[in-house]
Amino acid sequence: MKGLNRYYLQSLAVLALILTTAFWGSTFFLIKDLLTTMTTLSFLGVRFVIAGALSAVIFFPRLKRASRKVWQHAFALGAVYSAAQVLQTKGLESADASVVGFITGLYVVITPLLVWLLFKEKIKPVNLAAALVAMAGLMVLSLDGFSIGFGELLTLAGAALFALHIVLTARWAAKDDPITLAAIQLIAIGVFCFLAALPFGLQLPQDARQWTVLLYTVVFAAIGALIMQTWAQKHLRPTKAAVVMTMEPVFAAAFAVLFGGEDVTSRMIVGGSLVVAAMLATELIPAYRARDMIRAGE
């Protein structure tokens, strides 16, 4: 029964992580207009400063009770995440967005490697296979020609840091309160992203619509998403979490078609189907095992 309850908790964590990727994916078509008046670094700086400030107010009682170790863990995670965001942003300056999207998604295969290298943990074959299928789906979804340049290398370094963030989040969320860890992390990301943007000058949204979009990304795609991700990773292995998180570009494509006026392409269908299949594989195989446990207990 204990194993069965753990399975249901993991299923809830997967659903939370899927909702997280939906929030992330929904922002891509929304911020296009915003990024015509703000640099990407300015957007990240302003977005996460507001997210960090709101988190400090909303979760102040939790922050007061947090130990020094939790603060250290959260700021380390914030530094890794911020560096990954900046590297990805700099990569976009000289590499195609589709290529950057694919290379960033390589965290799905880097994550199990880091788990093995850092902690010598064995990777479940189903999760490793799902990671490779998800990578193939990302390739179909994102790539139309490929070459390696400086921008691509920066993006690859960012992908490695995103993978490290997933691995460390799983490690520390298992020991620390995930909401407190996420709240402090948002403060840290706000500080680091603001400092990264400051030397290049800060721009602000120009009208009410742009402010509405920015605040949506703050409340749902930053605060809500990071809290759900951190809580979900408390209950999931990092490799499985990485596979589920590859749903982000699938949601990005879906929202772009439904609300952004983009056309459906065969690459979207094939690539998205592979990513969804990989995600379902990590969930359905354990489900069959849970069913067998129920039958065995009858």
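Using N, Cα and C of the backbone, Cβ positions are placed for all residues, glycine too.
For 12-31 (among others), the entry in TrEMBL reads transmembrane segment. Among residues of the same chain six or more beyond the transmembrane segment (12-31), those with a C-beta under 8 A of the stretch's C-beta atoms are 43, 213, 216-217, 220-221, 224-225, 228-229, 231-236, 240-241, 244-245, 247-256, 259-260, 262, 279, 282-283.
Look at TrEMBL and you will find 12-142 (among others) tagged as domain 'EamA'. The DSSP breakdown of the domain 'EamA' (12-142) into helical (H, G, I), extended (E, B) and coil residues amounts to 111 helix, 0 strand, 20 coil.
Away from its own ends, the transmembrane segment (43-63) comes close to residues 31, 34-35, 82, 85-86, 89, 177, 179-180, 182-184, 186-191, 193-194, 196-198, 202, 204-205, 214-215, 217-219, 222-223 of its chain (Cβ-Cβ under 8 Å, at least six residues beyond either end). Residues or ranges marked as transmembrane segment by TrEMBL: 43-63 (among others).
Annotation comment: TrEMBL describes 70-87 (among others) as transmembrane segment. Taking Cβ pairs closer than 8 Å, the transmembrane segment (70-87) reaches residues 41, 44, 48, 154-155, 157-159, 161-162, 164-165, 168-169, 172, 176-177, 180-189, 191-193, 196 in its own chain, all 6 or more past its ends.
Positions annotated as transmembrane segment by TrEMBL: 99-119 (among others). Residues of the same chain lying 6 or more positions beyond the ends of the transmembrane segment (99-119) and with a Cβ under 8 Å from any Cβ of it are 88, 91-92, 127-128, 131-132, 134-135, 138-139, 141-143, 146, 151-152, 155-156, 158-160, 162-164, 166-167, 171, 237-239, 241-243, 245-246, 249.
If you look up TrEMBL, you'll see 126-148 (among others) marked as transmembrane segment.
TrEMBL lists 150-280 (among others) with the feature domain 'EamA'.
Residues or ranges marked as transmembrane segment in TrEMBL: 154-174 (among others). Away from its own ends, the transmembrane segment (154-174) comes close to residues 73, 76-77, 80-81, 83-88, 90-92, 95, 99-100, 103-107, 110-111, 113-115, 118-119, 181, 229-231, 233-234, 236-238, 241-242, 245 of its chain (Cβ-Cβ under 8 Å, at least six residues beyond either end).
Residues or ranges marked as transmembrane segment in TrEMBL: 181-202 (among others). With a cut-off of 8 Å between Cβ atoms, the residues of this chain six or more beyond the transmembrane segment (181-202) that come close are 39, 41-42, 44-53, 55-56, 58-59, 62-63, 66, 70-71, 73-75, 77-79, 81-83, 85-86, 169, 172-173, 222-223, 226-227, 229-231.
Here TrEMBL flags 208-229 (among others) as transmembrane segment.
What TrEMBL lists as transmembrane segment is 241-261 (among others). Sequence-distant neighbours of the transmembrane segment (241-261) (same chain, 6+ residues past either end, Cβ-Cβ under 8 Å): 14, 17-18, 20-22, 24-26, 28-29, 32, 101, 105, 107-108, 111-112, 127, 130-131, 134, 137-138, 141-142, 163, 166, 170, 229, 232-233, 268, 271-272, 275-276, 278-279, 282.
What TrEMBL lists as transmembrane segment is 267-285 (among others).
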